[in-house]
Amino acid sequence: CSPYLFEAETRSIKTMQKENSSNAPSTPSGRLRHRRRSHETLLVPNKANGGYLLVNDQNKYKSMLIRAYSSVWMIGGFAFIIYMGHLYIWAMVVVIQIFMAKELFCLLRKAHEDSHLPGFRLLNWHFFFTAMLFVYGRILSQQLVNTVTSDKFLYKLVSGLIKYQMFICYFLYIAGFMWFILTLKKKMYKYQFGQYAWTHMILIVVFTQSAFTVANIFEGIFWFLLPASLIVINDIAAYIFGFFFGKTPLIKLSPKKTWEGFIGASVTTILSAFALANVMGRFQWLTCPRKDLSTGWLYCDPGSLYKPDIYSLAAWLPEWFPWKEVSVLPVQFHALCLGLFASIIAPFGGFFASGFKRAFKIKDFGDSIPGHGGITDRMDCQMVMAVFAYIYHQSFVVPQSFSAEIILDQILRNLSYEEQRALYMKLGQIFLERQFG
């Protein structure tokens, strides 16, 4: 076709579209069809092919200063809370949870519908605090018992609450369930059930990651601080490398993410993991597990994981090189695995959050942190990392312990009668030798 014919056809199509839009009746159904368009955010054509990248942003230095100012305050406050200890870190996690829930609860709120449902928001928070009581009651029950053992009355009270904790939480949930049913209103069913499902999804997202986070804290601040620090380092490094060198877009869900930023952040995160583990692993305050809910300083045997091994480098370095040996903690090799996950897998939590925000046509989940958005915007990758850190710690770091019942069960299941008899005779001989020297 000739270009003139193509331009004529284009003009005729635009004219027909204008006529149809002008002749369309202004009825509620027409407005309804307009509202039912896809919620996906479309890229602006004139910003394609790199227009969204930070290297092409005219206001990038101003936004960088705001972001850096907020980051300094956040890192300073985070360091102070880490210094205060396990209980204060747990309190920080609870505060973060509340802010995340608030931002997510408000995401699908509609003021018109809420005005006809008094007390409906209070129901959401009822489910939230019920879930909090259930999760933390299960995780911190032993620490709570160890804290009140000196007082008989408190010990009996806490022991009773722990024994019936599951029943209490279930009763509270059923009370909220009945509350929801009794507040159902005609012509509001769809909105109410949608909010009910959205509330439960929020509880799963928020409390799944927080449960693993708190478990990591009481296993040793090291297993909370190192993964969280790696996510922060990866985020800052990706921003800096993308700010100065980013040219190649990484993923459409996050138009400002670049391959240069991703690769630079990955290398920085892995090297930082190896170095930070060497520093953090030398402080008992960070490595000792907390067995109660007190705030005193911790002293314990660090174990072989935090005791340095000396490796000779003489065969690999020239004679004039001054350092012939290097001291490495065994935990540093575990830190490399955490750094690898934080740099390659954890960013997908951010990509998921970006796609979620684009689906709802919002830039950020909130505006609590200038230059960063809301609390949820800062916790997207942390949620993925916290779960992995706990699973990795339990799978590859915690020594496997066996009780006498488990050992006897394995003997009865896997040994023949003759082998069991031989084991019995051998154990008897060992006990006699120990008894009589």
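Yeah, the Cβs are placed from backbone N, Cα and C, and that goes for glycine too.
Taken from TrEMBL as is:
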type     : residues : note
COMPBIAS : 16-29    : compositional bias 'Polar residues'
REGION   : 16-36    : region 'Disordered'
TRANSMEM : 89-108   : transmembrane segment
TRANSMEM : 120-141  : transmembrane segment
TRANSMEM : 161-184  : transmembrane segment
TRANSMEM : 196-215  : transmembrane segment
TRANSMEM : 221-246  : transmembrane segment
TRANSMEM : 258-277  : transmembrane segment
TRANSMEM : 331-353  : transmembrane segment
Two-stretch contact, the transmembrane segment (196-215) and the transmembrane segment (89-108), at least three Cβ pairs under 8 Å
yes
Give residue numbers and ranges for long-range contacts of the transmembrane segment (89-108): same chain, 6 or more residues beyond its ends, CB-CB under 8 A.
78, 81-82, 121, 124-125, 128, 132, 194-195, 198-199, 202, 205-207, 210, 213-214, 217, 221, 224, 360, 362, 365-366, 368, 374-376, 379
With CB pairs under 8 Å as the measure, which of the listed stretches 120-141, 221-246, 258-277 comes out on top against the transmembrane segment (331-353)?
258-277
Could you give the residue numbers and ranges of same-chain residues that sit at least 6 residues beyond the transmembrane segment (221-246) on either side and whose C-beta is under 8 angstroms from one of its C-beta atoms?
53-55, 60, 64, 67, 71, 75, 82, 85-86, 89, 213, 256-258, 260-266, 268-269, 272-273, 276-277, 280-281, 285-287, 331, 335, 338-339, 342-343, 346-347, 381-382, 385-386, 388-390, 393
